[in-house]
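These features come from Swiss-Prot:
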- Gly10, Ala11, Ser12, Gly13, Arg14, Met15, Asp36, Gly99, Thr100, Thr101, Ala123, Pro124, Asn125, Met126: NAD(+) binding site (BINDING)
- His156: active site, proton donor/acceptor (ACT_SITE)
- His157, Gly166, Thr167: (S)-2,3,4,5-tetrahydrodipicolinate binding site (BINDING)
- Lys160: active site, proton donor (ACT_SITE)
Amino acid sequence: MNQMKIAVAGASGRMGHMLIEAILNAADATLSGALDIATSPAIGTDAAAFLGKPSGVLIESDLAKGLANADFLIDFTRPEGTLKHLEYCAAHGIKMIIGTTGFDVAGKAAIAAAAEKTAIMFAPNMSVGVNVTMKLLEMAAQNFSEGYDIEIIEAHHRNKVDAPSGTAIKMGEVIAGALGKELNDVAVWAREGVTGARDPSSIGFATVRGGDIIGDHTVLFAGDGERIEISHKSSSRVSYAHGSLRAARFLADKKTGLYDMQDVLGLR
């Protein structure tokens, strides 16, 4: 069995820990590197020290050292960090699984350009359940296109820095696409004061931040006499880690190209 040699960015964070544990427990994967910011107190420590069973892989801030033995980099960090990693990986043929959210238009364009040099999986949510939910939303939108108001409500922990979540935005894009629209043309990102009657063609967003909520998303289709709610709730980040490994397996035979979890799951 060929071993996937995988490095993890943000190795000392909560998601980094979950990814490292999943890689160490996978029969077809090897932890080959670990990265974190230069100011992290974890630099120079064993990447699996939190598990009480050292891996022999030290957390590095230098990309050349941290990625020296890697064929893949899984990155759930922040846009500015991911874009630095992206440049290095594209130049060295290292495949990337990007779960970072909050990219602007230029950042997304940089990812697309890098995909001409290496294979990239870019998805706002690696959970299999979330991505099946996306397909359900596409089907629902096609059937609730007239007479139903669409609202997307998402909740995350107090430390999440971007809003709405990347997953909520992707849900909006899927719904808008199913209706033959562009999300930016119909999205209402917030409401305050005297807003007037609701535009029936709009897609509304509401954001909640608090506690340790990992990620809850509900899409409401509200019609006359009935409401349909399609929800996904994350109880552990382990689903993101398992989805990331599934994404790496999908990329294993790809040289270049930009993919998302819909490709992995055959939901196109």
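Each position is counted from 1, following the chain as shown.
A Cβ is built for glycine as well, from the same backbone N, Cα and C atoms used for every other residue.
Between the CA atoms of Ala123 (NAD(+) binding site) and Thr167 ((S)-2,3,4,5-tetrahydrodipicolinate binding site) there is a gap of 8 Å, rounded to the nearest whole number. DSSP gives Asp36 (NAD(+) binding site) a coil state; it is part of no helix or strand. Measuring Cα to Cα from Gly166 ((S)-2,3,4,5-tetrahydrodipicolinate binding site), the recorded positions that fall within 10 Å are Thr100, Asn125, out of Gly10, Asp36, Thr100, Asn125, Lys160. Among the recorded positions listed here, namely His156, His157, Lys160, Thr167, Lys160 has its C-alpha nearest to that of Gly10 (NAD(+) binding site). Other C-beta atoms found within 10 angstroms of the C-beta of Gly10 (NAD(+) binding site) number 26, with every protein chain shown included. Local packing around the recorded positions Arg14, His156, His157, Lys160 was summarised as the count of other Cβ atoms within 10 Å of each Cβ; on this measure the leading residue is His156.
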